[in-house]
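K.L.:
Got a structure for you, questions after.
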Amino acid sequence: MRELKIEAARAALDQVQDGMRLGIGTGSTAEEFVRVLAERVAGGLSVIGVPTSERTAALCKELGVPLTTLDETPELDLTIDGADEIGPELGLIKGGGGALLREKIVAAASQRMIVIADKTKMVESLGRFPLPIEVNAFGLRATVVAIEKVAKELGLEGPLAVRERDGKPFVTDGGHLIVDASFGRIPDPRALAIALNAIPGVVEHGLFLDLADTAFVAGDGQVRTVGAA
Ligand SMILES: O=C[C@H](O)[C@H](O)[C@H](O)COP(=O)(O)O
């Protein structure tokens, strides 16, 4: 499996040009990208990156990938990130690693977003992977009830779980909580995205729609390009 992630990461690296301002994703696949990028940087490639999490920032620093912030560099050329699911029209579910808010801000600030993944991430419709929803800790219960309500109006039901790590609530880099929503198949991700965005306690959700331009999907001895080449 790691080999496939490396293959996808290498395909994305081919799209990186000297001088680019990069968004750098989070997760095990994005970390393979950081590793191959670092090799190229050591060989003389000049890029600057905005990391989408503290975890990615730490790896970039360790491997010598130069970093900046969105405040210093508010417009990026290219973001490269993994995904938990890749569905129709390159709609994504992200946030399995809890980085969805920064990932979405960085992707939205980028001219182009490339997703890298192994073929197990491709789905016919989104929702097999529980949808991560980042919420403010204040009013958690009320926010969960509001999520249940809007989901039900869209015909979606399923357990909502506050994510935990080591027996304690998982806290994101932004200081929020994550609610994982096991709705199953989401027939209308767009409607769900709009409904979730209208709930005040929801900070952001893991539906990435109209953000990814291209996916490099590794499997069966090849790396397939999905979307714009
Ligand atoms: O918050 C985490 C991110 O959205 C990741 O891109 C996503 O969870 C995929 O991670 P991995 O490459 O480890 O499957």
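Placement of Cβ uses the backbone N, Cα and C atoms for every residue, glycine included.
Pulled the feature table from TrEMBL, pasting it below:
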{"type": "BINDING", "residues": "T26, G27, S28, T29, D81, G82, A83, D84, K94, G95, G96, G97, K121", "note": "substrate binding site"}
{"type": "ACT_SITE", "residues": "E103", "note": "active site, proton acceptor"}
K.L.:
By the DSSP assignment reduced to helix, strand and coil, which category contains the residue listed as 'active site, proton acceptor'?
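P.N.:
Going by the DSSP assignment, the residue listed as 'active site, proton acceptor' falls within a helical segment, counted as helix.
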K.L.:
Other residues near the substrate site, CB within 8 A of the CB centroid of T26, G27, S28, T29, D81, G82, A83, D84, K94, G95, G96, G97, K121?
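P.N.:
In sequence order, the nearby non-listed residues are G25, A30, A99, E103.
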K.L.:
The record lists T26, G27, S28, T29, D81, G82, A83, D84, K94, G95, G96, G97, K121 as binding substrate. What's the largest Cα to Cα distance among them, in Å, rounded to a whole number?
P.N.:
15
K.L.:
Could you tell me which of these binding-site residues, K94, K121, has the fewest other Cβ atoms within 10 Å of its Cβ?
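P.N.:
Comparing Cβ neighbours within 10 Å for the binding-site residues K94, K121, K121 has the fewest.
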K.L.:
Taking T26, S28 as the binding-site residues to compare, which has the smallest set of other Cβ atoms within 10 Å?
P.N.:
S28
K.L.:
Provide, as an integer number of angstrom, the distance between the C-alpha atoms of the residue listed as 'active site, proton acceptor' and T26 (substrate binding site).
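P.N.:
So the Cα of T26 (substrate binding site) lies 8 Å away from that of the residue listed as 'active site, proton acceptor'.
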